[in-house]
Amino acid sequence: MRSVHLTSAFMAMGLGLVTGILLFVPFVAASYRRRGRLTAGRFVLWGAALVYFWAIWTYTLLPLPDPAGYQCVGANVQPFAFVQDIRDSLASSGGGLRAAVMDFAVLQVVFNVVLFMPLGFFIRVLGGRGVVIATLTGLATTALIEFTQLTGVWGLYPCAYRFFDVDDLMANTLGALLGSLIALPFVGRRRSVAPAADVARPVTKPRRFLGVLCDWLAFVLLSVSITVGIRAVLLYVLNDREALNQDDYSGVVGTGVAFLVWLVVTLVSGRTVGDQAVQLQYDGGPLPRPLARLLRLLGGIGGYALLGLLPEGFGWVESLFVLVSLGALVFSAKGRGLPGLVSGQQVRDAREAPAAEPVKPVARG
């Protein structure tokens with residue numbers, strides 16, 4: 001049993017990590033648009049909520065049994081049947097506080113309550129919902145789980161492979177209620193200190209680094225997705241294994257397409273994907289706007305991408321570019337970094353009004 005629980009825990013953490021990587025850039029962008037910032041505490045809470053989301057399913061539905069070798073189980077539809085179960089169990093063990101604490105029937109009820117307390121807490125703190133909504137969400141979630149078990153994963157199995165228990169519904173719902181009540185002090189504090197989302201914030205180096213990280217992660221995900229897509233077409237659509245084995249262009253195509261996407265976005269808006277995620281804007285400077293925007297791209301993720309296309313043996317150039325970029329970010333004002341240095345532009349909060357450009361005198365005569 002312990003090995004099953006450990007497997008479920010590791011699976012939840014693995015799925016949470018993968019999901020977190022895929023959702024990282026949208027999450028950062030949504031945080032800056034809805035709240036104007038992203039704090040370390042809120043980031044950790046959302047990460048914990050993501051792992052918890054997967055843990056609920058891995059603990060309650062997995063492992064799936066072998067369809068050819070499992071037995072159907074029944075169901076308990078009598079509320080509060082756990083009370084009699086606890087009485088019978090304690091009577092057989094001789095009773096006493098120690099026996100009650102270690103009793104399986106007691107621990108099962110406690111576990112079902114504790115399992116859903118984080119759900120109520122997260123709904124209140126992260127979702128901003130009230131106690132009633134948090135409790136109803138707990139009820140709906142546990143009902144979905146229990147009926148998934150009762151129906152054999154909605155017909156995937158001919159009968160239930162896990163025990164449906166109405167007492168679990170009540171215990172899980174109680175857990176969500178208790179979790180939402182525990183969250184009340186945190187919700188009150190959060191509302192009292194939460195700043196307006198449309199107020200410009202200082203441009204800090206950690207914020208700039210977060211934008212760089214968003215650029216890199218989004219670029220890698222897009223280019224890798226295109227590369228994998230090309231290879232999947234070669235293997236599963238064209239069934240051309242020879243071309244797949246000799247493939248040396250799918251990575252170049254993936255990087256090239258991703259670079260074109262970033263080029264268009266930057267030339268049109270003046271901001272890369274990472275800049276937009278953290279609400280930053282590069283502008284100003286002596287150069288014409290299109291040239292400055294192009295240099296801003298090449299001084300960041302664009303230059304990194306193009307250097308990655310160099311022949312084998314020149315990987316040190318890309319590594320040197322990364323080191324110089326990080327050094328420029330750390331030692332330049334506001335984390336302006338290499339993009340600002342090569343383009344001559346300054347970086348500001350995108351919600352801040354741009355500095356007025358000097359008015360050129362009109363020649364008379």
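Backbone N, Cα and C define each Cβ position, glycine as well.
Look at TrEMBL and you will find 6-31 (among others) tagged as transmembrane segment.
The transmembrane segment annotation in TrEMBL covers 43-62 (among others).
Positions annotated as domain 'VanZ-like' by TrEMBL: 50-184. According to DSSP, the secondary structure content of the domain 'VanZ-like' (50-184) in residues is 95 helix, 4 strand, 36 coil.
Look at TrEMBL and you will find 104-123 (among others) tagged as transmembrane segment.
The annotation transmembrane segment is assigned in TrEMBL to 130-157 (among others).
As annotated by TrEMBL, transmembrane segment applies to 169-188 (among others). Within the chain, the transmembrane segment (169-188) has long-range Cβ neighbours (under 8 A, six or more residues past its boundaries) at 79-80, 82, 109, 112-125, 128, 130-131, 134-135, 137-139, 141-143, 146.
Per TrEMBL, transmembrane segment is recorded for 209-237 (among others).
Annotation comment: TrEMBL describes 249-270 (among others) as transmembrane segment.
What TrEMBL lists as transmembrane segment is 291-310 (among others). Within the chain carrying the transmembrane segment (291-310), a Cβ under 8 angstroms from the stretch's Cβ atoms is held by residues 212, 215-216, 219, 223, 252, 255-256, 258-259, 262-263, 266-267, 270, 272, 274, 282, 285, 317-318, 321-322, 325, 337-345, all 6 or more beyond its ends.
Residues of the same chain lying 6 or more positions beyond the ends of the transmembrane segment (43-62) and with a Cβ under 8 Å from any Cβ of it are 5, 7-9, 11-13, 15-16, 19-20, 23, 27, 115, 118-119, 122, 125-126, 141, 145, 148-149, 153, 162.
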